[in-house]
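Listed in TrEMBL:
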- 1-15: compositional bias 'Basic and acidic residues' (COMPBIAS)
- 41-507: domain 'Amino acid permease/ SLC12A' (DOMAIN)
- 1-22: region 'Disordered' (REGION)
- 43-62: transmembrane segment (TRANSMEM)
- 68-88: transmembrane segment (TRANSMEM)
- 121-143: transmembrane segment (TRANSMEM)
- 149-171: transmembrane segment (TRANSMEM)
- 183-200: transmembrane segment (TRANSMEM)
- 232-250: transmembrane segment (TRANSMEM)
- 271-290: transmembrane segment (TRANSMEM)
- 334-356: transmembrane segment (TRANSMEM)
- 376-393: transmembrane segment (TRANSMEM)
- 405-431: transmembrane segment (TRANSMEM)
- 451-470: transmembrane segment (TRANSMEM)
- 482-502: transmembrane segment (TRANSMEM)
Amino acid sequence: MGFDHDQKYDGEQPQDRMSLQDGDLKENRDDLQRHLGNRQIQLIAIGGSIGTALFISIGGALNKAGPGGLLIAYTLYSCLLGLVNNCIAEMTVHMPVTGGFIRLAGKWVDDAFGFMAGWNFFFYEALLIPFEITAINLVLTFWRDDIPVAAVCAACIVLYAVLNILAVGVFGEAEFWLSGGKVILIFMLFSFTFITMVGGNPQGDAYGFRYWSNPGAFAEYLTTGPLGRFEGFLGALWAASFCIVGPEYISMVSGEAKRPRVYIKNAFKTVYWRFGIFFILGALFVGVAIPHNDPTLVSILSGETGGAGTGAASPYVIAMQNLAVPVLPHITNALLVTSIFSAGNAYTYCATRTLYALAIEGRAPRVFTKCTKKGVPIYAFCLVMLFPLLSFLQISNNSAKVLTWLLNLITAGGLIDFIVMCITYICFYNACKAQGVDRKTLPYCGWFQPYSAWIGLVGLTCVVFAYGYSVFLPGNWNIEDFFSYYTMLGVAPVLYVGWKFFKKTEVVSANKLDLTWDAPIIDAYEASFVSPPVGFWTEMLQLVGLKRSVPVDRRHSVSDGA
């Protein structure tokens, strides 16, 4: 049996049938609007997945593992997340609903599972907002150390509010340009590293891969010898699990994407290239640019460096200063500020949509389903905007300590999200098999399934449980560290069991899993387009006045006589 995406809606509700026949084609069953185009989706996916970690926090991973350990850790974790992307892509392209993977988890696994996944992702995204604001303050100290922390926090919060309270198209356009700056920054840093390593620097020093042999490719962390080098690799692996993300953001924007079966599929397919270019190459170039025991890096990580200069926490900025490269450190730091700001903007959007998705499924108060005329969940947005206020903790605490505390909480939450995706896919796959659905008839069919899902599930489970192992080592026990590492891991099962107990939910059996769900509404919406899908580069050329004759996502309605 195949899944026919052109089939009529057999089980629609009366109100849905009216929406398909009386002249107004619904974009979603809910109130969100599909206004995000191809180029915006591609850049939002980049904006959400690239933030502080790739440019600044990666220095800590380099110090722990050395360049070789860092590269292996980032490559291994990229492969694990590639397997997860393979799972969520198939499900999301088939069912691009508001709330993405968190609603899929509740619909296809267990309502309690969706409750746990949704609230875990909500706190994950919401806590990332103050994390990025804290990082902006850290980076700004590169120029001077007397910039008012409170003023920076307040400015970021106001700007996030303005960009997210308007229509989703405004958010998409802002994120498109901000994320474009990230791409420019990444390739500028890669070019800097390559040119200087072959001798193109003021000192004429062709250092090449010198730091791989002196002080060495692998560093020791916590202990010495082979065990210390392995623990260094583990430290880099935990850093990679915070840095390397992406599939979840594509899934979350799918409910507001134009032509989701085409544009969302394209975005998922480019994730593998992003992992290779941005994260794996990023790990390689950082290990080339500076040694893992660079004195400036060590002093920053240990907290010894105070005052102006602390903002030079980026390994690339340190490398530029070591080589006496003029001007470029300032350009890099300016782009770092915009890049980190962009990530916080994306997290504000995702947290708002997550709370809205929870509310429409009854897993959060219904008041959060209220949307403006422009399709913005207004009350969900207001609640999310309380979380950036946590960034004011920097005023009375060391910003590096706040960053570390938030990072530990966030990383475990992110790992749980990817585990949720793997479990959801396994249930989805079993349902397709039990109901005789040929997955090759789906808009996107993942490869190497279900083995891809199982490998991803086992690998990520090992990572999340071993994440805070260092706190259990002799002499390392600290109750504060324990809770920062394992709070999210303890909250997740409590959320699941609690909701299951109060709502008496059941795991959905493979034979009863609803593979149709909102597919007919989405199919009817996609069929309303009269112009062919437009490519990413065509849209980019149209921005500069070329190929203006090519129509972009032109639609008709039933009332037009179609």
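Glycine residues also receive a Cβ, built from the backbone N, Cα and C atoms like all the rest.
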Contact between the transmembrane segment (451-470) and the transmembrane segment (68-88) (3 or more Cβ pairs under 8 Å, separation 6+): yes
Paired segments the transmembrane segment (271-290) and the transmembrane segment (149-171) in contact, 3+ CB pairs under 8 A: no
Outside the transmembrane segment (149-171), six or more residues from its ends: residues with CB under 8 Å to it: 32-33, 35-36, 129, 133, 136-137, 140, 256, 341, 344-345, 348-349, 352, 372, 374-376, 378, 381, 385, 388-389, 391-392, 394-395, 399
The transmembrane segment (232-250) and the transmembrane segment (482-502) contact flag, 3+ Cβ pairs under 8 angstroms: no
Whether the transmembrane segment (334-356) meets the transmembrane segment (43-62): three or more C-beta pairs under 8 angstroms: yes
Outside the transmembrane segment (405-431), six or more residues from its ends: residues with CB under 8 Å to it: 57, 81, 83-84, 87-88, 90-91, 101-102, 104-105, 108-109, 113, 116-117, 120-121, 123-124, 127-128, 130-131, 134, 238, 241-242, 245, 247-248, 390, 437, 439, 446, 449-450, 453-454, 456-457, 460-461, 463-464, 467-468, 481, 484-489, 492, 508, 510-511, 513, 515
Residue numbers, six or more beyond the limits of the transmembrane segment (43-62), whose CB comes under 8 Å of its CB atoms: 36, 70, 73, 128, 131-132, 135, 138-139, 172, 175-176, 178-180, 182-183, 185-186, 189, 235-236, 239-240, 242-246, 248-250, 253, 267, 270-271, 274, 278-279, 282-283, 286-287, 290, 292, 297, 300-301, 313-316, 318, 336, 339-340, 342-347, 350, 407
Integer mean pLDDT for the domain 'Amino acid permease/ SLC12A' (41-507): 85
